[in-house]
Every structure is written in C-alpha cells, then in structure tokens.
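Here is the structure we will look at.
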Amino acid sequence: MALVTFLFIATLGAMTSHVNGYAGGGWVNAHATFYGGGDASGTMGGACGYGNLYSQGYGTNTAALSTALFNNGLSCGACFEIRCQNDGKWCLPGSIVVTATNFCPPNNALPNNAGGWCNPPQQHFDLSQPVFQRIAQYRAGIVPVAYRRVPCVRRGGIRFTINGHSYFNLVLITNVGGAGDVHSAMVKGSRTGWQAMSRNWGQNWQSNSYLNGQSLSFKVTTSDGQTIVSNNVANAGWSFGQTFTGAQLR
C-alpha cells in the first residue's frame, strides 16, 4: 500500500442510522503472544492493508488475529480490550485496547498448544511487543488472556484513501470508530447514484466505475449495522493517492 500523499479534511455532510453507538461484548478466554520487535516495526503493513500504522493513527496498540477471530478480513479495524489472567508469575495488572490490523496465520505443522497458537479453532492475539509488555512480562512468551469487543474511539473522521486507476478505484477505509470493522461500503459520484463496492482485501474496497472528475460520497456500514454517510468528502478535482476525511461513528 502506497503511503498517503495528501490529507484533505472536509466533512461536508454526515448521517448515522443509529444514535446509541456500539455496545461491545462480554469477556471471552483466549491466549496472546507478541511479534514485530521492541519498536513494533515488524507489525507495519499487514493483511488489513493499513500500511504504516503510525501514520494511520493506530500506533503500537495493534494485534494480528487468529483465523477464528480474523473472519477473512472482516474483523480488520475492530477493537478489543485484553487483560492477562490466571498467571501470577507473568501477568501484569490492567488492560489494553488494541485494533485488529493483521492476520496471524495457522501453522498446521505444530500442535495448537506448542507453537500452533493461531491454528483453528484457537482464539489468539499476536500483539505488538510494546503493547504485550503492558499486560505481561516479556519472558512469558505466551499468556492466557480474557478479551472483549469494545467501541473504537478515534480522533477525527473516517479516512478514505483513493488508490488504483480509472475504472479500478481501490479505497482504503481507515480510522473507523464505533464497531470499527467495515462490513459494507458504497460510493456515489456527483453524476451517479449509490453503488455497492466489493471488498478486495483487508479494508480495501473496490469500485470499477469511472468516477474521475466527480465529487465523491461514501456510505459505510460496520458489523453492528450502524451506517454513516460522508457526503462530498472528495471534491471533483481529487486524484489517486489522496486521502479524504469524512464523518465518524461512535
């Protein structure tokens, strides 16, 4: 994913279908490990397509999810509160909130309890090293945890980065609040009606329409059914590689 070359913040119109916000979920048992090094440089990029997690605003509070949690990429952007439990030797007090930004692939050559941590049906979080060390000691390697879905709290609006080329508009959707995980997206040009976009990979959404020279609006729906419309966030002079900021969920 190319780095964002331009950031234009313009929230010209917004509408949400619900007003109560995302409620989250109950606590579930899982395990957690870490990857990416002490500076989390190895966590950049990833299967969600977010690229540089620092410039996208996610920082080091990130996790790669096992197959059981990743949901073929639909969980990208979801937020989880995690706490270490049942291990007095290695656990530290408190909890962390992380965003799903990557996939932890299975290793079927290893048993689930001896290296195949992300094998189905394991519920497992491979955390960035800095955030892992906030709930457990480095030497632990792997710890039992409890997790729950929580609302994502974001600064600013949802970001739409338009990549690709004519007739292949690939829109990366980031910085989504509320449930955080986009399950459907639509685009509307100033000379078109609303058109459904298909998920290409991660949180990259694709439209094969010719949208050049039109102002663009986006409609985003998250896993809890909340829908938000960002009207005319990209003006008619937009170009590929630019990022535009719209409305926000809570």
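Cβ from N, Cα, C; glycine included.
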Of the candidates Cys79, Cys84, the one sharing a disulfide with Cys91 in Swiss-Prot: Cys84
Sequence-distant neighbours of Cys84 (disulfide bond) in its chain (C-beta under 8 A, six or more apart): Ala32, Trp90, Cys91, Leu92, Ile135, Ala136, Val143, Pro144, Val145
Segment-level pLDDT (mean, integer) for the domain 'Expansin-like CBD' (167-246): 98
Disulfide-bonded residues: Cys48, Cys76, Cys79, Cys91, Cys152 - member with fewest neighbouring CB atoms within 10 Å: Cys91
Separation of alpha carbons, Cys48 (disulfide bond) and Cys79 (disulfide bond) (Å): 14
Structural state census, the domain 'Expansin-like EG45' (45-157) (DSSP three-state): 14 helix, 34 strand, 65 coil
